[in-house]
Each structure stands twice: as C-alpha cells, then as structure tokens.
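Data first, discussion second: the structure below is written as structure tokens.
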Amino acid sequence: MVDVGKWPIFTLLSPQEAGSIRKACVFGTSANEAIYVTDNDEVFVFGLNYSNCLGTGDNQSTLVPKKLEALCGKKIKSLSYGSGPHVLLTTEDGVVYAWGHNGYSQLGNGTTNQGIAPVQVCTNLLIKQVIEVACGSHHSMALAADGELFAWGYNNCGQVGSGSTANQPTPRKVTNCLHTKRVVNIACGQTSSMAVLDSGEVYGWGYNGNGQLGLGNNGNQLTPVRVAALHGMCVNQIVCGYAHTLALTDEGLLYAWGANTYGQLGTGSKNNLLSPTQIMVEKERVIEIAACHSTHTSAAKTQGGHVYMWGQCRGQSVILPHLTHFCCTDDVFACFGTPAVSWRLLSVEHEDFLTVAESLKKEFDSPEIADLKFRIDGKYIHVHKAVLKIRCEHFRSMFQSYWNEDMKEVIEIDQFSYPVYRAFLQYLYTDTVDLPPEDAIGLLDLATSYCENRLKRLCQHIIKRGITVENAFSLFSAAVRYDAEDLEEFCFKFCINHLTEVTQTAAFWQMDGPLLKEFIAKASKCGAFKN
C-alpha cells in the first residue's frame, strides 16, 4: 500500500487532505512540486511552481493546494514529467494535456512559449486514444491504444526518432522500423527513448553515450533500433533511469544496461554496460521494476513481495540489489531517491476505508463465534454462514432450508484440496488470494464451478505471473478447460514466444489430441511455423 506521507512534501497537507488522495505524483528538480487527485476526482497542485509546472495560470509558488479546474472530473490515467519541468498526462478518455516548461516545444503545441495552464495536445493526437505518456528531460512521447507511438520536443540526440536532430514542435508518429509494429510499453531516459512491442521485442533511440540503448556500442541513434541482444526474450516492462535501462521479461528475468556510476545496474561493479546483462539471477521471480529519468536509482519487486533497491540511495552507491522492508517500489523513491520524486503516478489506498474488511479478515477461521466448519483432508476451517451467504451465491443457495447442508455444523468437502478451499473461503473474508501459481489452477477450477467471476480473474492474474517454459502448456490447457479466454490468450502468446523450448517439455507431450490440434492450427495462423 502506497503511503504519500513518506514524501516530505505531503507533510504540508492536513490529515483530511492527505486522506482524500487517490492518485498522486511528486516531481521537480528537487521534488518540490506535487499533483494529486482526490476521491471525488478533483485535481490539486502545490509546491515551487518552477517554469509554471503547477499549471495554475501564474508563476507563484504555493504551500496551499490549488485546484486545477481544467482537469477536475477528467479521470487521469497516466502522467509523466520532464526536467524543466513540463508535465504531460492522459485521461481515461485518451485525451492528452500538457503544461510547464516549453523551451524545446516539449508541450507539442508548435511554440516555445511556457504553458501556464493545462492545454490539450491536439496535433496528430486529436483522433487518437492515448493510453500512456512518457517524458524525458525535454522531450515527450504518447502511446495510442492502436499501438502507434508519437514523439516531440528536444531532439539534439535523435530522441524523437525522426531521423534528424532538429527539434520536433508537434507530435510526430515514430515510424521507420516501427511503422507496421504495435508498441505496448514506453519509457524515456534523459535524452533517450525505449519501446516494447507486443511481440516482446525492444527498440531504442536517442542518446547512447553510456550504452543505455543496449546496442553493444555507444553511438547515438536517430531512429529506432532493435536491441538484438534480447533476441528470444519476450519483454513486457521497460523503465529508464537518468542514463540506464531495466527490462523485465515474461519469465520474470531482469536485464540491465547503460550508465553505472552509482551501481544502478546492480551488477556488483560500477562499470557501464553496452548490452543487456541479467541481474538478480539468484533471486526469486521479479514481477515489477522501477526507475526514473530524474534519478540514478533502481528498484524491483519479486513474486514473494520482496522489494529490492540499488544505485544512488541517499548519497550511497549501492552496487548490488539490497533487500528492503518496503512493500512497494514507490517507497524506495520516496525514502531513498535523489531527488525523492515519484517514478510513476501513484495509486493510493487508505486503511481507514478497510475497517469492516479488516474486522472480517480477523474473524476468518476463528472458532470463537463461528457457526460452521468445513472439513477437508481431515482439517477444519471455521466460518460464519452469514458471511458466506452475503459473499457467495453458491452458499446463499446452499443454506436455504431445503438443502441438507443448512442444518449441518460440519460440511465435508472432497472435490477440492485443503489449500484451495481454504484460499477460497479466505477470499470471501478478505477479497484477496494468497496462493502459489500451481494451486491457483485448482482455485480457478473452483471459481468456475461456483461461478465466481472476480475470483477467476484474480486466479488468472496469479497464474500469469507464475508462467514458465515448463508449465506454460499445462496452464494453457487449464485455461481452455475452465473457459478463461484472457488467460488462454496470454498462455498461447507465451508458448509462441518460447515455442522451441515449450515443445520440449513433458506438458506438451501430455496434451490431449484435440487440444494439441487446436493449438497447432492457431499457431500456424499467426505464422509460428514460417521459415
């Protein structure tokens, strides 16, 4: 859970103001500016207001939050900022707004005039639904839902990807080798740009003096170039620090390259790397990585919930990933980043909203006031009929007077294992699932049987994070069997991306005939067997 109170600037707010925050971002050269969205979708800013970056219509700093009427009710989805700073955001409707520093046309309005208030970025984006934005020091990028990528602003090193070093005053589609490809994730270093395709391929362009493009050399690139060293890897997240890059594959493997003056690559040395190198090899599967173009800090979160940090951490150079006591990567930047900015738009939850939920959680499997027990594999789980009836339609029907179970104090369960059924009952009390991917398959079966659609989605999420070459076909089979279309497509893509390896596994040869034929036919349609 993100706690905005860990950022010093938010201590200026009253408890009531801080308690209303649902989204937030801290930015600026010294982390002296902040923007936040309240639970009723009002947008406020406060801080130094350097280069009009607060968007209040004037250049006055303020310790008291000011409302940005132009953005209230817009439902901000993605937000990024530059070094000027300038601010760029997109709404849930895909509309892009920008304001602040504009000395290099990074606001995309065709001028170099400061943007004193939020203004919609229209050129080439008016008919696009933008789903993600990213900012470098003085350039900007916007990713559309159809996979098209647009860039503009400062272009001294080719970071806009236009093929020249002339500044780009308005959004321009990044073409060349990306022309017919679909981009799904973007990131900016200070003067470099990175993109991930739906195929898992990675492309980079712009400044490369520290090897941050991962091309094996340090020559700048004026147009996108594929990171060939990641061939065979399917990357699903990429982030950039000031002059280094981190990439996370669909197998939970972490790669780093670029500048390493502060140990931000986590290799155990301070030598720059011109090509991607795997780090955290001995650690458990990584599920999230974090970096920010304003800092030389890196962070990662593993499947077990452990958060690591390395690089420049409060003046120290941490050259290997260091295990922290934080629960999220955002806390690393709040407490150890220099400056203490946000690496992404924060999503905030508050414990005071969980009073009832926490009470229910405490009573799960507590025999004191329970009125029902489930017996699975010789073990008991204590529950409350009222809670089960409220939370699950299956139990609501079961505990009607005409069901035998309504009169029982102990119900025997033999079609599901103890860990699976316990996780299900615990979910009814906590709305969360805590299971390894292997057991999540059984829980997916239960969720399908009990028509618990949200539980199915949670199981699919766990399974996706635990997919490997060895279990990919087993998970694909389970997804088909339990009619989990999203999971089926995810597993299918994973199998295609690692086709040679997964076809050598036992799970592949254990697939039943009809399903195997269906897989081969589908793989053939997407060109998996072309020479």
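Using the three backbone atoms N, Cα and C, a Cβ is placed for every residue, glycine included.
The repeat 'RCC1 1' annotation in Swiss-Prot covers 40-91.
Each residue of the repeat 'RCC1 2' (93-145) gets a DSSP state, and the totals for helix, strand and coil are 0 helix, 23 strand, 30 coil. Under the heading repeat 'RCC1 2', Swiss-Prot lists 93-145.
Taken from Swiss-Prot, the feature repeat 'RCC1 3' applies to 147-198.
Per Swiss-Prot, repeat 'RCC1 4' is recorded for 199-250.
The average per-residue pLDDT of the prediction over the repeat 'RCC1 5' (252-302) is 98, rounded to a whole number. Look at Swiss-Prot and you will find 252-302 tagged as repeat 'RCC1 5'.
Taken from Swiss-Prot, the feature repeat 'RCC1 6' covers 304-356.
Annotation source Swiss-Prot lists domain 'BTB 1' at 370-437, citing sequence analysis.
The feature domain 'BTB 2' is assigned by Swiss-Prot to 470-499.
Mapped onto DSSP helix, strand and coil, the domain 'BTB 1' (370-437) counts 31 helix, 13 strand, 24 coil. The list of residues near the domain 'BTB 2' (470-499) in space but at least 6 beyond its ends in sequence, with Cβ under 8 angstroms from a Cβ of it, reads 199-200, 234, 250-251, 437-438, 441, 444-445, 448, 456-457, 459-460, 463-464, 505, 507-508, 510-512, 515, 518-519, 522-523, 526, 528.
Under DSSP, the residues of the repeat 'RCC1 4' (199-250) split into helix, strand and coil as follows: 3 helix, 23 strand, 26 coil.
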